[in-house]
């Protein structure tokens, strides 16, 4: 009559949608859709940034991040989550690229390598903090909101 999980009050999308056994491949699909979004976002936002400007592209990507990220936390079915995850990946990569190029253009050739490394270092630090955040936020939907919320602050960078 279903699956019984022993996760001590934790709620993940695996337990919510019973993505085990024959449906276990859907967990990999969840990550793959993000990577598809990364691929498409790289090309699309590269064009957007060159055509409309880096800051406008950054602003657009953050608006899409907030909308897709919050929507991902509230939609009830797995297919919608996959679609929103693709859109989320699309916009995350777009914002990353726009600001990376903007930063390297601002500092000039002499400091490009250093700024590029420092920029990537913050991404790595975020990945180190994520398990700690997941430890304290036991519901995957609230964790998604917590990960998405800072993008709303980035919108203020436009001004």
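Residue positions begin at 1 at the first shown residue.
Using the three backbone atoms N, Cα and C, a Cβ is placed for every residue, glycine included.
What TrEMBL says about a protein is an automatic prediction, not a curated fact.
Summarising the annotation, TrEMBL assigns domain 'Major facilitator superfamily (MFS) profile' to 1-159.
The transmembrane segment annotation in TrEMBL covers 29-49 (among others).
The transmembrane segment feature in TrEMBL is assigned to 58-75 (among others).
Residues 13, 29-30, 33-42, 44-46, 48-49, 54-55, 57-58, 60-62, 64-65, 68-69, 71-72, 75, 115-116, 119, 123, 154 of the same chain sit 6 or more residues outside the transmembrane segment (81-103) yet have a Cβ under 8 Å from a Cβ within it. The feature transmembrane segment is assigned by TrEMBL to 81-103 (among others).
The feature transmembrane segment is assigned by TrEMBL to 115-136 (among others).
Taken from TrEMBL, the feature transmembrane segment applies to 142-158 (among others).
Residues 41, 45, 48, 81, 84-85, 87-88, 90-92, 94-95, 98-99, 102, 141-142, 144-145, 147-148, 151-152, 154-155, 157-158 of the same chain lie 6 or more positions beyond the ends of the transmembrane segment (58-75) yet place their CB under 8 Å from a CB of it.
Away from its own ends, the transmembrane segment (115-136) comes close to residues 96, 99-100, 103-104, 107, 143, 146-147 of its chain (Cβ-Cβ under 8 Å, at least six residues beyond either end).
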